[in-house]
Amino acid sequence: MQLGVIGLGRMGQIVVDRTLDGGHDVVAFDLDDDAVATAADAGATPADSIGDFVEQLGAEKRIWLMVPAGKAVDATLDDLDPHLNDEDIVVDGGNSKFQRSVERAEACSAAYLDCGTSGGPAGAEVGFSLMIGGPAWAYDEMTPVFDAVATGPDGHDRMGESGAGHYVKMVHNGVEYALMQTYGEGFELLANGRYDLDMETIARTWNNGAVIRSWLLELCEEAFREEGTPEDPLGDVADHIAGGSTGTWTVEESLEQEVPIPLIYQALAERFDSRNEGRFSRRLANRLRYGFGRHHIARNE
Ligand SMILES: NC(=O)C1=CN([C@@H]2O[C@H](COP(=O)(O)OP(=O)(O)OC[C@H]3O[C@@H](n4cnc5c(N)ncnc54)[C@H](O)[C@@H]3O)[C@@H](O)[C@H]2O)C=CC1
Ligand SMILES: O=C(CO)[C@H](O)[C@H](O)COP(=O)(O)O
């Protein structure tokens with residue numbers, strides 16, 4: 001099969017490499033010329049514009065978008081759409097909001113597959129986990145490429161109709177937030193508790209046979225090994241967590257569906273809290289304790 005890939009960053013280049021390794025042809029485009037050159041070095045046919053890209057793809061277009069979620073997806077689809085028809089297929093492999101994917105599927109002249117992608121840059125070696133929504137015929141048609149990009153045939157499946165792929169990926173990310181939070185809390189207690197413990201040793205021991213072993217726990221072990229010392233397990237890593245859009249969507253959806261997800265919400269709240277200097281609510285509680293009990297008011301230096 002011939003696949004066109006737009007967006008050749010951390011994730012898109014892996015889509016290119018694994019598709020080529022699977023014995024398929026790739027036409028590659030990115031706004032960044034260096035990224036296009038890297039894809040060409042790997043064996044893809046470079047395109048220098050969307051016009052050039054669609055021309056090189058020929059009649060039946062199979063296109064994978066791996067650009068940042070949001071405006072870049074819309075801008076790319078606007079440019080592509082005049083060149084598409086209902087026998088073509090577009091896959092959005094980024095972290096798009098599922099409602100936007102449903103709207104884009106309705107507006108797109110081609111069959112549209114929303115594809116949640118998990119595995120991160122580490123997926124270069126082992127392949128990704130792909131959660132796909134959209135028309136069954138388009139999923140079936142793309143299966144050889146999904147086999148190559150995913151860990152294999154078991155690493156991808158059609159979750160359901162349009163939006164279902166990005167919906168499942170959204171919830172996956174909510175789970176990711178909560179797992180990170182619970183590992184963080186456990187290690188925080190261990191690092192500040194009553195024994196003099198080594199976090200890397202604990203993570204390594206847990207990763208070998210413990211009930212709570214996982215890839216995220218292997219990444220905890222890696223973080224302690226690469227960032228810290230036994231006395232200071234995370235070195236100069238800051239108390240600040242960026243991102244948050246997929247977790248926010250998960251919490252919004254839980255409110256709409258009236259399904260309680262307190263752990264995921266709490267993990268999201270901790271993430272927002274990490275960006276605050278001096279929480280207003282805690283300052284007010286500090287002052288209120290004086291109000292009702294004449295307790296000491298701690299004041300800024
Ligand atoms: N990095 C990760 O661990 C994961 C990322 N994702 C999702 O995959 C998508 C891509 O992420 P990354 O590869 O990490 O981003 P990235 O920032 O590494 O790469 C994005 C690429 O898209 C290109 N680009 C941006 N706008 C473009 C446009 N209009 N036309 C053509 N090219 C354009 C950029 O030049 C860049 O090369 C995002 O939606 C992200 O949320 C999903 C799972 C994991
Ligand atoms: O999807 C991912 C992992 O599964 C990406 O790494 C994503 O960028 C993480 O989301 P956030 O920025 O909200 O932490």
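Yeah, the Cβs are placed from backbone N, Cα and C, and that goes for glycine too.
TrEMBL names S118, G119, G120, H172, N173, Y177, R271 as substrate ligands; from the candidate set N95, N192, N286, the record adds N95 to that same site. Under DSSP, G120 (substrate binding site) is assigned to a helix (H, G or I) in the three-state scheme.
By the rule that a residue counts when its Cβ sits under 6 Å from some atom of ligand 2, the binding-site residues N95, S118, R271 yield N95, S118. Taken residue by residue, the domain '6-phosphogluconate dehydrogenase C-terminal' (165-300) breaks down under DSSP into 89 helix, 0 strand, 47 coil.
Note on N173 (substrate binding site): other Cβ atoms within 10 Å of its Cβ, all shown chains, come to 20.
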